[in-house]
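Participant: Can you keep this structure in mind? I'll have questions shortly.
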């Protein structure tokens, strides 16, 4: 028996989509703003984070449009959302590649690969967006014009978005595993040859390094429900599950926010913001926080991997 979403359900999905995308737009836009304002952040490693945040911001903006009218605006929303969402998770693979090439392979030529990164990300996103026009039949899904109703269109949509998405997830997971394993082995060797003070610093650094292992989980958490929903919709096109669509819309819309927190709000960004705020910080309040500078220095040291990558570049 066919099950369709009611007008009330569509309204809820539209509100959830707009709200989640708005949060991602603000989060990713904040990272873009920080990169534009703070010159000390304009190193190659953070430049990749800037491109990631820019893609997230544009993806969120077009996704935030909601439920536009049929016709040109519906097609425009569908294609732009597809393009910038694909670009977003492709930029995460360039960050993983840069870290792997710098830490594991000990190469210092990553800045020379910037043009190749742009060709890879924007070119692949464009090709995937053009290919998805095969069997194209955009329709309203209550929250966006991104989905397609034709069976061929659904298959092409899955191939041009979810296949490269999960390929990026597997690549990032494998790459970060290799990086973390190598750095942990190097840390254990260094600890065995060093004094107790260095051992304390090494444990702190190792804890910071392990956070890289959670980065692939951002894409998994953002798109797991969407993948399940697309597969279910392909198998049973006449049966819509509201709660699954609700989770699909909500988690996908929050991808930009998750990326901005994980990749963007590192110690360098927090330090740059803190230093600007201190310029306007009243002297009476500074006396209440005498250890703020020392705390920031400890936070800076905990970001060992990020700083090592930047220094080697």
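Just so you know, the numbers here start at 1 and follow the chain as drawn.
Glycine is treated like the rest: Cβ placed from N, Cα and C.
Please treat TrEMBL annotations as automatic predictions, because they have not gone through curation.
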Participant: According to TrEMBL, which stretch among 194-211, 212-229 corresponds to the feature transmembrane segment?
Facilitator: 212-229
Participant: Region 'Disordered' per TrEMBL sits at which of 270-291, 292-313?
Facilitator: 292-313
Participant: Within the domain 'G-protein coupled receptors family 2 profile 2' (13-267) only, compute the mean pLDDT.
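Facilitator: Here the predicted model's pLDDT, averaged over the domain 'G-protein coupled receptors family 2 profile 2' (13-267), is 83.
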Participant: Please indicate, using numbers and ranges, the residues of the same chain that are 6 or more beyond the transmembrane segment (241-265) and have a C-beta under 8 Å from a C-beta there.
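Facilitator: Same-chain contacts beyond the ends: 3, 5, 9, 12-13, 16-17, 19-21, 23-28, 30-31, 34, 49, 52-53, 56-57, 59-60, 63, 85, 88, 92, 95, 141-143, 214-215, 218-219, 221-226, 228-229, 232.
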Participant: Same-chain Cβ contacts of the transmembrane segment (48-66) under 8 Å, 6 or more residues past its ends?
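Facilitator: Distant Cβ neighbours of the transmembrane segment (48-66) are 14, 17-18, 21-22, 24-25, 27-29, 31-32, 35, 73, 76-77, 80-81, 84-85, 87-88, 91-92, 94-95, 98, 117, 121, 143-144, 146, 253, 255-256, 259-260, 263-264.
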